[in-house]
Amino acid sequence: MNFSIDWLTFEWRLIARSRLSVVALLLLLVLSTLSVWSGVQEVARQRDTIAQLAALQAQDAAVATTRNATGGNAGSAAYYTFHHTWDAPADAAFLALGLRDVAPYALRIRALGLQAQLYEGETFNPEVALPGRFDFAFVLIYLAPLFVIALLHDLVSSERQSGRLRMLAAMPDGGRLWRRRVALRFALLLACLVLPVLAGAGWAGLDMGASVIVLAVAASYLAFWIGVSLLVGAHGRRSVTNATALMGVWAVLTLVLPTLANVALTRAIPVHQGVDLMLAQRQVVHGAWEVPRDETMRKFYLGHPQWQHSAPLPEGFHWKWYFAFHQLGDESVAGQVQQYRAGLLARQAWTDRLGWVLPGVGVQAVLHRLAATDLPAQLAYQQRISSFHEALRNFYYGYLFTDLPFGPAQAAHQPVFAPAPGAAPAPWRAAAAVCLLAWLVFAAGAWRLVRIKGGGER
Amino acid sequence: MIKRIALEEWRALARDRAAVVGLLLLTVLMLVAALTAYEQQRGANAERARYQAQSNHEFQAQPDRHPHRMVHYGHFLFRPVNPLAAFDPGIDGYTGSTLFVEGHQQNSANFGDVRQTSLLLRFGQLTPAFVLQVLAPLLLVFFGHAAVARERESGTLRVLLAQGVASRQLVLGKLLALCGFTALMLLPALAGLAWMAASGHAPWLPVLLLAAGYTGWLLLWSLGVVLVSTLFARGRDALLVLLAVWTVAVILLPRWIPDLASSAVALPTRYENVINVQRDYLALGDSHNPQDPKFAAFRDGLLKQYNVTRVEDLPVNLKGLVSMEGERRSTELFNRYAAAGMDRQQAQSRLIDHAGWLSPALALRRLSMTASGTDLASFRSFLEQGEAYRYALIQGLNKLHAEEVHYADEGQAGKENRISNSHWQGFPPFHYRQAQVDEILLRAAPAGAALILWILALTGLTWWLGGRLGRAVR
């Protein structure tokens, strides 16, 4: 025991004596802390915004209800009343802010055609969004490997260049020394990286499973880069050559290949249907004014037989006709909506697959899935809006198609949006895939390291 | 002497297999990036032009109907891509490309790529701009960091100085060699840009601005690399320092500073904006209802103007005129909110620009996006042109309503209150006007000045330290 403490203090002293290493470790700690802190701030801000919007919307809905109080008509109530929907940030959202800066996380919806409302953009400055957020995912995926490289690229070569390598290799159980050195650096890097995350997780009330995944993924990603550093560094080359080669590997794995993959993906799976379905839906909705009203109703009753015994349309305007053709507009593009979603999900699926071979992409996918800030999370929010919209329509139809009066008393029973049920299922499989690859590379690096011979001094 | 030193350094670089391979890889990457970005830009433009034509056709092919139905039918506008987006797509993937224009409302541009792709887009886009902004400096760092330090480390510096080579000559020679290396990296991009201008795809001035900007950017890095190389006795230290500088300037600050700017100037969500706009809009009165008391003064003014006592006696349709007046009032309101929102975004961007004096990477990005017409100001210009088109279209339809539909017939069953669809064909299609050259120059000027200042500062510093190098060795 005493012995092991001795080597620990000895090795630590070695690291501490190199000012550069200490500065690097401190810098990593600071960056990681800043990223977690800014993520936590951002999540708090989003929660506040959602609460404020809810209050604002409640006021607006109250105004609509009072305005409708004298008329007592479900149609005009449905037309003028908007409803609050929101997508609260998950507990893990502070780790990876993802698409939440470019997609709305709160949307007001009314019972009219959904497809004209669902794709509303959020106000954001594209120049701010373009480089991406400064969050923990960024620090882990882009910056942490650079620190690994800085601390490990000359692990072997510095000993060789100073002429100690032959002696170290000649020591009994020489592998132990390398194991200790690597383990200590690994532990220090990991600590600097994840201590702020643990603090953030405690603050956000992150559940155990999610915390374990974050730790496992962060440790594995570090292990991957340590493995790569060892594989490159164990060859008998100079420190500078190692650093150059490692930075090259980093640039290719985190900058070049993912962007190449993105080009390939957008090309292989084109998604134009978003615009198409919007144009198509408009044609149907606006064309309806020229279609004989009875024909519209006949078509509508075909798909919704529960209302077919509604009274015939009166001479003038009737809201049920208006809502019927809006719904027919949505239904006419239902197939395109399916295709659009399928196209987007296919892009996501291929990205996930890419994550099995590119650890940076894999970690990105796992963290964003965990944080529920990725494309599937956005689609899930749209899906929840759709279900709510369905409930809203049915609620109003109950008054519209039976000509029941609708007043504030009835308005009090309007459906309320159901937010996401707690945490999303943890991405265990994707995380396992990332970890597996990472530790294989680590094992290869470690194996290469212990086989180092003292020769090849330059 | 300088030339000989440069040639020597060149020979060393050419012998270094890694440097040659690195350069080749960068060139291949640049070609792939240029081709895919060009293809993508052309594809996007073709697609948007097709959609625009389809939309125009659908608008003109609408049947005979009441003009106010057309006000609600509206129109779709598609934002064309600037041809130079093939070089630097800037914010193009982040802004919507589809704008739905209709009466009584200003909509947002929807269907930006960023919401339609997995998070891969957030790793960056493979474009010539990305290669030159991010990867080329890294290559320069790898193969230039030891230029002077190596001579010092191996003791040849002392020998050279003893033989009467001035230390400044040596530094300039190394710089020249590195600039040659830089020129090789720039060559494919410059050739591509020249081709775009010569073939008439893009105007010359922005192309020259881009060429100058990226030449300046890589010159800056060449200077910086040689400078750091003279500062450190060991190549290893120079490399680590340069890598740290690269990481901070190219990777860290461009992410962090926008984040700071966005928390310094908060943007209201679209949601709350819509509620506020709607509240103010309802306070303006209902322009669908000519009896709305909010329009009483307007109505009385009309009666007086035409010298009649009853609205039925007006030679024009009161409903159409009230619609026009309502649209005028509401557009004023919308524009006020839209301008306020955009001003806040531009305030954020200005904050980022100020940081360009600290990190030239930000200055270069501004210059590049502005010259390529893919910056926020260009997008704002599209939105404003779209809004101007919307207003003209809606008021044109309202005017038809006022002049072609009789007030007495409105809402009367059996009365003809539709007008011929030939009227729809009278509206000119939307044409997006790209920014003028002088606007581009004006917007890019501060960023260009920041780059020039950086180059001057580093040149001065290199000159000064180059002179002191001899003393450091002795």
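Glycine too: its Cβ is placed from the backbone N, Cα and C atoms.
Predicted automatically and left uncurated, TrEMBL annotations should be read as such.
Listed in TrEMBL:
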- B:20-38: transmembrane segment (TRANSMEM)
- B:130-149: transmembrane segment (TRANSMEM)
- B:170-198: transmembrane segment (TRANSMEM)
- B:204-232: transmembrane segment (TRANSMEM)
- B:239-257: transmembrane segment (TRANSMEM)
- B:440-465: transmembrane segment (TRANSMEM)
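Counting Cβ pairs closer than 8 Å and at least 6 residues apart in sequence, the transmembrane segment (B:440-465) and the transmembrane segment (B:20-38) reach fewer than three and form no contact. Long-range neighbours of the transmembrane segment (B:130-149) within the same chain, counting only residues 6 or more positions beyond its ends whose Cβ lies under 8 Å from a Cβ of the stretch, are 9, 13, 16, 18-19, 22-23, 26, 29-30, 33, 124, 157, 170-171, 174, 177-178, 181-182, 185-186, 189, 214, 217-218, 221-222, 225-226, 228-230, 232-235, 237-239, 242-243, 246, 250-251, 361, 364-365, 368, 469. Annotation: stretch B:204-232 has the most Cβ pairs under 8 Å to the transmembrane segment (B:170-198), among B:20-38, B:204-232, B:239-257. When Cβ-Cβ distances below 8 Å are used as the criterion, the transmembrane segment (B:20-38) is approached by residues 13-14, 85-87, 89, 125-128, 130-132, 135-136, 139, 142-143, 181, 184-185, 188-189, 192 of the same chain, each at least six residues removed from its ends.
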